[in-house]
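TrEMBL lists 1-96 with the feature domain 'FAD-binding FR-type'. Taken from TrEMBL, the feature FAD binding site covers 62, 63, 64. Marked as [2Fe-2S] cluster binding site by TrEMBL: 230, 233, 245.
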């Protein structure tokens, strides 16, 4: 069992939950995710890691209560309660890890994100900050009431562009127009990291390709087992078959077939569709010996 240290409700049914998971916290790298299961009857659901603390031995996830049973149950938990399973870290570290840290110090890096995904760019930005690498961020929301993780991002960013569709805070407009304006400015970016809705990542990748800027995206399609056995997260990257849960979740945005990503998302867009897929393929539960190297599962109270 994994005890919940703290949980808070933010705006628009968004919850931040801090879970005690010592071994997982020590192994996590930005870009990876975990899979949670509330109880024996619960589904295995993937959650991006919003933060982690080795000293505190905790992992933090952020989620929206969206009507699905799993998020409804999670939202009902409080500090002191426990969940049955927390498996991770799963997936590969951010593609930024493949870069030499000294080389990154000489590059201009821009993160682009929207809505709840603002929490997902924080681990990589924090890691860069701790290694004395500067990065900027463009964070987009519908209105000022939807803004989350802004303060945390500002604490580790060199510059933050806040965008709202209605202009209630920061820049008014769309991500596409704002990004074009930023890229046409004096500062020339070498790397853009786009994490958010599929349409946002597609738009960003189209724009950055015109400027020949290396672009990283994070794909969060349906994931069940976390080790690629169910095939639910199978994707085509540069003409090659990849599994988001094992080969990703980060990929070169200019090589992603976003039409395929969208089709797969639409296929499993409803709770009923996901349930049907799980019933057909199972929950892909594996014993500890079947879990691949680097995948940790612990029982902690």
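Glycine is no exception: its Cβ is also placed from the backbone N, Cα and C atoms.
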Protein Cβ atoms within 10 Å of residue 63 (FAD binding site), excluding its own: 22
Which of 62, 245, all binding-site residues, has a Cβ with the fewest other Cβ atoms inside 10 Å: 62
Shell list (FAD; ref centroid = CB of 62, 63, 64; cutoff 8 A): 14, 15, 16, 47, 61, 65, 71, 116, 119
Cα distance (Å, whole number) from residue 63 (FAD binding site) to residue 245 ([2Fe-2S] cluster binding site): 19
Secondary structure composition of the domain 'FAD-binding FR-type' (1-96) [DSSP: H/G/I, E/B, coil]: 15 helix, 44 strand, 37 coil
Stretch-averaged pLDDT - the domain 'FAD-binding FR-type' (1-96): 90
Packing count at residue 233 ([2Fe-2S] cluster binding site) (other Cβ atoms within 10 Å of its Cβ): 25
